[in-house]
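First up is the structure itself, then whatever we jot down about it.
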Amino acid sequence: MALGSPVKVVLGSIAFGIFWIMAVFPSVPCLPIGRTAGSLLGAMLMVIFMVLTPEEAYHAIDLPILGLLFGTMVVSVYLERADMFMYLGKLLSWKSKGAKDLLCRICLISAVSSALFTNDTACVVLTEFVLKVARQHNLPPHPFLLALATSSNIGSAATPIGNPQNLVIAVLSKITFGQFLVGVLPATLLGVSVNAVLLLCMYWKPLSIKKQEEDPIVGAAAEEAVNSHRFSPATLSHISSLNSQDWSSKLENLNVQSSPNLTANAGGSSSGAEQSLRTRLSSSENEINGAVTEALTPKNKEVAIEVTSIHHKKDDSIHSVHSLHSIHHKKEDSVQSIHSVHHKKEDSVQSIHSVHSNRVASVDGLSDNEASLKSVEGNKGKRVILSPKWRRLLWKTCVYLVTVGMLVALLLGLDMSWTAITAALALVVLDFQDAQHCLEKVSYSLLIFFCGMFITVEGFNKTGIPGTLWDLIEPFAQINRVSGITVLALVIIALSNLASNVPTVLLLGGRVAASAARISPEEERKAWLMLAYVSTVGGNLSLLGSAANLIVCEQAGRAQLGYNLSFWNHIKFGLPSTIIVTAVGLTVIR
């Protein structure tokens, strides 16, 4: 492809350079706006510099890719709520037979979860749990974090929904889900196995050190941290109400504060007793009103009626105070009146207890005898209402069935974008509640980043620079020769670590496929699959090569049991692993 005009080449290169800096170094001091805003800035500059027209910019956005990405993210959110990652995580520590066994389990489980739920999701959910398991067994976390990051990347290469670059390749190449899986799965299985062997060889000595004797309290705390780990702290909508412990605490405070040394206070003047009692009743009135206000919900109108009766009783108590004016000369009678008022106030507190019991019954809707099932006779027969436990089990089963149905539909060759969106909406409907709390977990910033990246990369292609560079490389990168495959793989790995894997796929995908298509249609499909595998595995070279690597690094540093996975510690293993796993996997891609 010929170069564009000098002005277009210069301005387009500036816009793409800004996008590249923001994508690789999102917190650069001179412009710390992040990746998403950086991609939009690059896209805007492409239009302002007239490298692209507004119509060309809109046309560059690939809606099928965004639809597929959105659908898979929503499905992943519901799978997290259905405890899928909890079950996968428990397999890590279930009957573990030592450090080496644990390392192999992490490699396998992270690879499988990444292929089904994307590598980024797997790393976000499993990183802290891996740290806790390593602490429980008194093991160094470094090899286990490397196993999680590298195996997640390798495993995600197996399916079109494993990572964003595979989504792009599947949509652009028109390769079906089944063809993609059959073509890359053997290389992925072999790559995960080789990666695990390399980890064992490099860290054999640290993994062979016997567990030292430790403080039983520390060991128990570590085991409790693993057993109580929460994989997906979802924000669920619920009735904002007080539980029984909150009520008991409030009412106990009322009892304590309402009767301090009544007898001693009675020894003073009757007017002092009257003023003291008025003060206490005023304080208890405020606390009773506060407790009742928190307890009331729109669903408990009958509770409000009983609360009104409580206020009437309290008013009777206040009227008792006025009777003290007529008995100033009888101190003993004043004491008896004060005690009488106090007993009435205690009756009011007991009434609140009864109100709370009615409220709990109205909210729960089921008595203790109805804990498992409640049968209701209707005009048309029996209707069985499941308990919350069984309802959740049924809902989780439906989530898994919908996910399996989505995978089957993808294997049958149905449109991937609409299949993912249909599965996502089916889960929303099955949830049968406001989906806002689940949709809020979708990474809309990632979708916006993709929009800006599509426009920016399209503008850079318009400059003619990528085409000119490819014309220089193409004669040496023919995939029907071993030397050509080697050159192509090295170029993909280098660009994946310099410009990130998704822009690399967008820049090279069409050109590599067109070059291979001139050989044969089979070679064209093989070129797309090679690009998917190498661009994904190439991300293991350094921390900057893959978002999953950065997620593991950041999650490990922020965790309660923080660990710093440095750039050099990662590249010492990432470099040999990337070269060997890539070479081995390319031999079996078909």
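Each residue, glycine too, has its Cβ placed from N, Cα and C.
Bear in mind that TrEMBL entries carry predicted annotations, made automatically and left uncurated.
TrEMBL has this to say about the protein:
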- 6-25: transmembrane segment (TRANSMEM)
- 19-538: domain 'Citrate transporter-like' (DOMAIN)
- 37-54: transmembrane segment (TRANSMEM)
- 60-81: transmembrane segment (TRANSMEM)
- 180-204: transmembrane segment (TRANSMEM)
- 258-287: compositional bias 'Polar residues' (COMPBIAS)
- 258-288: region 'Disordered' (REGION)
- 393-410: transmembrane segment (TRANSMEM)
- 485-508: transmembrane segment (TRANSMEM)
- 528-551: transmembrane segment (TRANSMEM)
- 571-589: transmembrane segment (TRANSMEM)
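Taking every listed stretch (6-25, 60-81, 485-508, 528-551, 571-589) in turn, the largest tally of C-beta pairs under 8 A with the transmembrane segment (180-204) is reached by 571-589.
Across 37-54, 485-508, 571-589, the stretch most heavily in contact with the transmembrane segment (528-551), judged by Cβ pairs under 8 Å, is 485-508. Counting same-chain residues at least six beyond the ends of the transmembrane segment (393-410), those with a Cβ under 8 angstroms from any Cβ of the stretch are 75, 78-79, 81-84, 116, 160-161, 176-178, 386, 416, 419-420, 422-423, 426-427, 430-431.
Contact between the transmembrane segment (485-508) and the transmembrane segment (37-54) is absent: fewer than three CB pairs lie under 8 Å, with pairs separated by 6 or more positions in sequence.
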